[in-house]
Every structure is written in C-alpha cells, then in structure tokens.
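Contents: one structure, followed by commentary.
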Amino acid sequence: MDKEREREDARRRREEEDARRREEEDARRRREEEEEDARRRREEEDARRREEEDARRRREEEDARRKKEEEDAKEKLESHKKRMEQLKGQPRLPKFADPKRYDIWLKPDLSTCKFAGSVAIELNIMADTCFIVLNAAELSIDTASVSFTHHLAATDTSNSNQVLKPLYVDVVEEDEILVLDFSDTLPIGIGLLTIAFKGTLNDKIKGFYTSTYEHNGEKKNMAVTQFEPANARRCFPCWDEPACKAMFKITLDVPSQLVALSNMPIIEEKVDGDLKTVSYQETPIMSTYLVAIVVGLFDYVENLTSDGVRVRVYCQVGKVNEGKFALDVSVRTLELYKEYFAVPYFLPKLDMVAIPDFAFGAMENYGLITCCETTLLFDNQHSAAANEQRLAIVVAHQLAHQWFGNLVSYLAVNHLFPEWEMWTQFLNDCTEVLRLDGLAESHPIEVEINHAREIEEFLFDTISNKKGASVIWMLQSYLGAECFQRSLASFIKKFACSNAKTEDLWAALEEGSGEPVNRLMNSWTKQKGFPVVSVKVKDQKLVFEQSQFLASGYLGEGQWIVPITLCCGIYDVHKNFLLQTKSDTLDMKDLLSDESHLASAWVKLNFNQTGFYRVKYDEDLAAKLRYAIEKKYLSTIDRLGILDDSFALCMARQQSLNSLLTLMSAYSGELEFVKTFFISLFLRSAMKLGWEPKKGLDCLAVFGYDPALKEGSRRFHAFLDDRNTPLLHPDIRKVGKKKHWSITSIYPSTIPIKFSSGLWLQAAYVAVMRRVSTSNKFGFESLLRVYRETDLSQEKTRILSSLTSSPDPGIILEALNFLLSSEVCNQDAVLGLAISREGRETAWTWLKDNWEHISKTWGSRYLITHFVNSVVSPFASFEKANEIEEFFANCTESKIARILKQSIEQVHINANWISYKVERIAADANPELLEFVKQFLLACSCVQQCKLSYIQIIEILIKKKKKKKKKGPHSVKMRYKTHVLRIQQ
C-alpha cells in the first residue's frame, strides 16, 4: 500500500515535474516567442524606419532632382528668352553654322494654293553652340519633324549617328527667323538639319506665289518663285543671305500634265497616276535668292549655242511664236558674253520663262530666268519697236548676271555690286538717276544694311542699280574699254564661285590700269549725290570748281574725285584728267596748238556724257557752245547732255530761265533724236512729217492739241471696226530692226529707239481718252472692251497707260477704280497712274480713300512706291506738301518711308521753283507773258510724270497760245524767238 502510494506519489511528482518542466518549457518557449516577436517587431520597426528613411531620402532626391530640373528648365527658358531677345532685330544670322548643301522637296497644290515641303540641310557647325538660327517666314513648321543628326567621324566605332531634338522651336515672324534651341551643345563638325513645313502660295508676287493665266477660256494657276532680295525664306527654311552660298538639290511633286522647271536639268521623272516626281541635278554653289521653281502649263521654243548649251524660251500655250525673238537674242548674247568675259556659260541649259504676274522686268535666277510677259514676248504684228528693243536690253542685262552677278557675288548685302548695264542706254538711265540723286533724300550706292527688309529699300532701287551702272560706265570710259574688259575678265576668273567685296573689283581694275580706282570709286559709292562742275575761262586757262548738286538749289558739302573728259574746238582735241580737289585749272594752250583759236574755241566737258555729273558753263563758254550746237559741231549725245544739264540747273535755281530759253533756241534745226527726246514739234515741220513719224503726237494729245485728238479718234474708230487695221503704219514698228552684234552694242539704233519710247503707239488711245467725259463714255468703254478681249500683254499695257488721260475727274476716278479690280494684274495696276493734269486732285483723294487696300494688296515695295510717287510728286504747292505729310504721318510702312520723303521733297522743289521764277518775272507788265511763264512752270513741274521734255513743253504751250498762224516770215520759229526776247527783256 505504501509502496503503491509511494509509486503514486513518485508518479505524481514525476507528472508534476513533467508538468512543471512543460510549463517551464512553455514559459521558455513563450519567452522565446515573445523575444522573437519583439525581435521581429524590432526588425520590422527597423525595416519600416529604413523604408521611411529611404522613402524620405528618395523624396528628397526626387524633390532635389525635380527642383534642379525645374531650375534648369527655368534657366534654359530664361536663357532662351534672353537669346531670343538678343536675336531680335539682328541684321545678320549668327555665323557659327555654315550651310553646305540643301536637299529640298516641295509639293505645290495649285487648286488650293497651298504647298508642303521638307528640307535637309547639311551644316558645318564651326563653334560651340546649343542653338541654330536660320530664316523662315510665313511657314508652318512641323515641330516634331525637326532634328539635327551629327555625322560621326569614320574612326568612331559607334553603330549610329547622334540624333538631337530641339528643346524649343520658335518662329519670329517680325524678324523672319526660325530659332532651334537644343538642350545640349551641338557637336562641332558636319551635321544634317531636317525640317518639314507647310506654306501658302501667296498672291504678293514674292516668295513662292501663284500667277494666273487663261487656257481654253478657263483661268488656271501656275506656281512661281521670286526670291530676290530675301524671299527664299517664304518657300523653305534657309540661310537667306547672299554670302551664305550652298548647293541645292530640288525635287518636286506636281500634276503630271504640267511643266516643272528649276535651275538645273531634270535627271529623273517618275509618273504615278495624276502626279509625277521630278528630280533635278544639283546646282553649283550659289546664293538662296537665285533658286528658282516654275510649275505650269507651257510651250517652248529652243536652240543650242555653239558650245551645246540648250536655250529655251517658255510661254503660255499658243504664244510660242512670240518667244522666238527672245530666243534669238539669248543665243547670240551667250556667245557674245563668252568672248567678252573670257569665261564660258557655266550651266548645261538656260531657260527663260514668261510669267503673267511678275513684279519686276526680269529676274536673273541661275539657269532659269523669269520675266514679265510684256518684257519677254514680242509679237511682230502688234508689238512696238520699243518693245523689241527693251526685250533685247533686258535679255542682255539678265544674261550678264549669269557671269557677273551670279558667279561673283558679294560678301554681304551692303557690298552689293553696282548693276552691270554697259549694253543699255546709259544716257537715258543716267538722266533719270541724276534727277533722283539730286534729292537730299537720296542715299549712297553702298549702304549699311541693318535688316533684311532694308535690302529692297536701299539695294534694289534706282540709285543702286542705275547710278551703279552710271558710275561703272564713267569708270570704264575713263580707263578705256580694253583695259576695263581685260581687268574684269581677270577678276571674274579669280573670284568665280566665291564671295568678293566691292573693293576686290576696284583692286583688280586698279592693278590693270595703274589708276587710283579704289580711292576714286569710294568717293562715288560711299556718299550720296554727285557734283556740278562749274567751268570758266580766265587768263587763257580753264578754271574748274566742283560742288554738290542739289535739286533744291542749295549746295551740299560732298566732294568727289571726278574723271573729267573734255574736248575743245573739235572732237579730235580732247583731254582726260582727275579733278581731285575742290578746284583746279587747265591751260588752254595745252589743248590748242594754234593760239589764234583760243578766243573762239568752244569747250565741252563730259565728253559723250559718260560722266555722272552736271556741268555749268559761264556765259562766254555757253555762247560758244550754242554756236557749236547750231552748227552741229557736237554729237547728238553731247547736244542732249548740254540741254539736260541746263534744265536741271534752271530747276535748281542755279541758272536763269532766260539762259535756258536762249539755249533752247539753238536746237530749232534739230532733226535727230535730240528732237525726239525734247520733241521740237513746230507746227510747220510737223505738218510736213505727216502722221506716222510724228512721235510727239501722243504728248500733244495729252496737252489737248486738236489735230492729234481728231486723228487719234479717227484711227481708233477704224481700229474698232477692224482689229487688223493698224493704228500706226507697220514700218514704224520695224524701226531699228537691223541688228549688229558687237561687244559694245547689240543694236546700233538703241538710243534713238529708246528715246522715242514707243509712246506714239498710244497716241490714238490717249486722243480717245482726252475726248471722253461722263456724258460721253463711248471711247472709255471701247478701250475697256479691247482690253478684255485682247490676249496681247503689250496691248493691255498701252490701254492701261492711257485710261487716266481724260480731263474729266469722274472718268479718272472710274479708271483708277478699274486698276483695283481683279481684271488687272497687280503689277500692271501701276501702269495706269499716268494721271492727267486735270485728274491730280481726284487721284490724290482716291489714293487716300483706298490706301489701306492698296498697302495690303501691293505689298511689294517695288509696286507700292509707284502709287505714292506717281500721285504725290507732280504737285507743286507747299499746302499740298503739308497735306500729304499729315496724311502719311501715322503710316508705319517702312518700305515707303524713303520714296515718300523723296516725293514730298519733289513737291517742295516744284513749289519753290514756281514761286521763285514767277516772282522774278512778275515785274513784267505783259500779263500774257506772265500767264505763259506760269503755264510753262506748271508744265515743267510734271516733266517726269508726263514723260515730256523741256523743248516739247515750251513749244506746245506756244502753239496753244498763238491761235492763228500768220503767213510770211513770222513763222513758228520766229514766234518762239520773240517769246525768248520778251523774257530776256
């Protein structure tokens, strides 16, 4: 029992011990679990804290990164804004990127007048930069398409080239630039910039624009480019500066039935249904303004030069015969220039295209010359001889650019070379530009350009072109034609396909001649204006003195190195020297070996009128020149120059009206083209000549000469009855058709034809319009009907030039409104601004009422300035000048600023002159003479507007004054001399 109890106790104790151990084990396990839980919680807490720390650190890092990115972006934006501000108004593009090659694709849609395109430009990055600036205007840039691919060197082991996308793509329309700002610095070296874009084929006759024409009675569009002076940017993004030369590869997608032309020949043409892709050979290196594209429906005539150059003249279908004369002139002129410049034509083809809507006469695009239809086409039956002659001049001028203007370009636009017109009528152009350059608001040939918009204002106007031609002609005449040609040929060879400065040309001519050409020409190209050289005889010496000529009558401060050419007594006795100071002398004994002739010898300065200056003779020398003029000892050119100088001096109040009229009496026996230019139409002589040769009858019609009005009306009505009836005898149209091809002149009759100007072809139209009134509009309506029915551009030109000749203000207003209609091409509207004297006020009111429309529609400076000058400059009162200034006071059109100042200055000059001369003659008791002088002065104030000459005005007024012609010795000539004597009294 005890044992059992003991065993039971022992068992119980064991169980209790086991239970205790289990409890202890459980407690230990629980403690371990608790400790594990605590450890795990600590680890979790540590992990959480670490995660929180990591998250905090990441947030801080992200915040820092984001803040840095924001700061960087802000800094880049600020930098971009600052850069954009710095680029604003800059005259030139930055020079750290140099374009080498353009690959251009264009797809014009002639139905919607839109186009799409892309350009890949091979660039040489020459300095560290993170941005690229090029020109673009009126283009929609596809931002996503823009990229720059750096071409890695051949030694680089990378698998691909580096492609960079710009951070900012901005078009600044005001400055016509496209700014591409990259996040990183662009690698130095060669890269490829690609840009896709869209644009509009505009109606502004510049950039990439549309011209309209009719085919089978349906109006159609053609696409045309006019990039000079700086409008390639309106077609594709580019470095649109003359010095930034490159090569151009052009591809066009156009309707398959159309002709697509560019500078170079076609290398491939793929037709795909209604479209075709046309690819052209790559051009030689050239400036952007010479790139050309024409797309339309054309026919052509072609020929080859002796070198195998293919020459074509393109025109509208049905007008191909009108292009044959231009083709003949082109081929012959290419042969001429190859010999003269001693360098063959550089391209395998030359195309010339007649464009209906064209702002200029022609454009010298390399290999693809674009021309106004009226300039390039010649109709043997209906075109005037003046049209034929102008065509030859324009073709010769544009082809000269293929050597001189295109091969030898300027380093920058302010070094634009003077235009090359050695084959044009120097004297007529010189006379025109002398009048303009005599204004205080003129400008030098070489002008510092601050913006592209100033290029057209300063560097493609009459001063830069025709004054440039005049001073070059003066230089050539002084150096000698052979020396000049030899030096020029050497210069062209040296600078072919490269840039040259004006000074490089002077240096070449100086080296070839030994004369101080650079110093001489700088005095002519770097300052405005020109001198008047006064000459007198004192102690058997010729005394020369120069001063700046101003049309206002004041003397300027300019001084020139003047190439003086003179002859004495006979043309065989001549002398050339440089007037390098304000005054100089020349012993007449050095000119004439026989001293007995000194007292009677006449002296003519500016021999053959090759110098760009006026000459003022003292009374003794002037009297001897009058005798030489009467005896025809002087050439026609010199006789013309003397009279032109005399009139200019009279207008500038540097010579009396008495002296001018006395000089004019020496021209009473003129039979050559001096009479044509100054039109000495005495009634007795005119009646002997008959209708056909009377080249002043159109001008007589302007002045209301009744026989001209009646005969003109008669012929016009005959023409309406039968359109094949010529208004003038066809023989007159053929004057000067005999051609003599030579280095110095394509046509020997160039000057006589040009001075006639073909204005006599308008005699009938002007006569009709002079008889038109609001109560009798038949003639006006008939002319409009002829205008609408004819497809001859030159006929349209003649009609437009006559419509505003009516003395009726109501008809003038109707004619002016017609110019604004869609029936008149924009570039032709300016032809109708030859307003009659009676219509000036009407035209001024019309201009003011329509100014907003005119300034928008005729945006080209070349066109809009015609509106201002033609309407404003003929006025001759101070009150009108003030009214004009007040109207244009708020006008912000920079392109008219200079022409407006010049026109207002001309109004002041006219008013001053009339006031001055009338006051000087007012003491004369004869009211009839005073009225005559007033009419003369008023007529002279519109010489340029009416295209009338000084002799013509005087004699027309005399005819109007004398109602009856007396028989016997008191002839027209005697009546004229009587007027002169009465003015002298």
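Residue positions begin at 1 at the first shown residue.
Here the Cβ of each residue, glycine as well, is placed from N, Cα and C on the backbone.
Residues or ranges marked as Zn(2+) binding site in TrEMBL: His397, His401. Marked as compositional bias 'Basic and acidic residues' by TrEMBL: 1-78. The domain 'Aminopeptidase N-like N-terminal' feature in TrEMBL is assigned to 99-290. The domain 'Peptidase M1 membrane alanine aminopeptidase' annotation in TrEMBL covers 325-409. If you look up TrEMBL, you'll see 602-674, 764-908 marked as domain 'ERAP1-like C-terminal'. Annotated region 'Disordered' per TrEMBL: 1-93, in sequence order.
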Mean predicted confidence [pLDDT] for the domain 'Aminopeptidase N-like N-terminal' (99-290) | 92
Taking the binding-site residues one at a time (His397, His401), which has its Cβ surrounded by the most other Cβ atoms within 10 Å?
-> His397
Report the DSSP secondary-structure composition of the domain 'ERAP1-like C-terminal' (764-908) as helix, strand and coil residue counts.
-> 109 helix, 2 strand, 34 coil
Residue distribution over DSSP helix, strand and coil in the compositional bias 'Basic and acidic residues' (1-78) | 77 helix, 0 strand, 1 coil
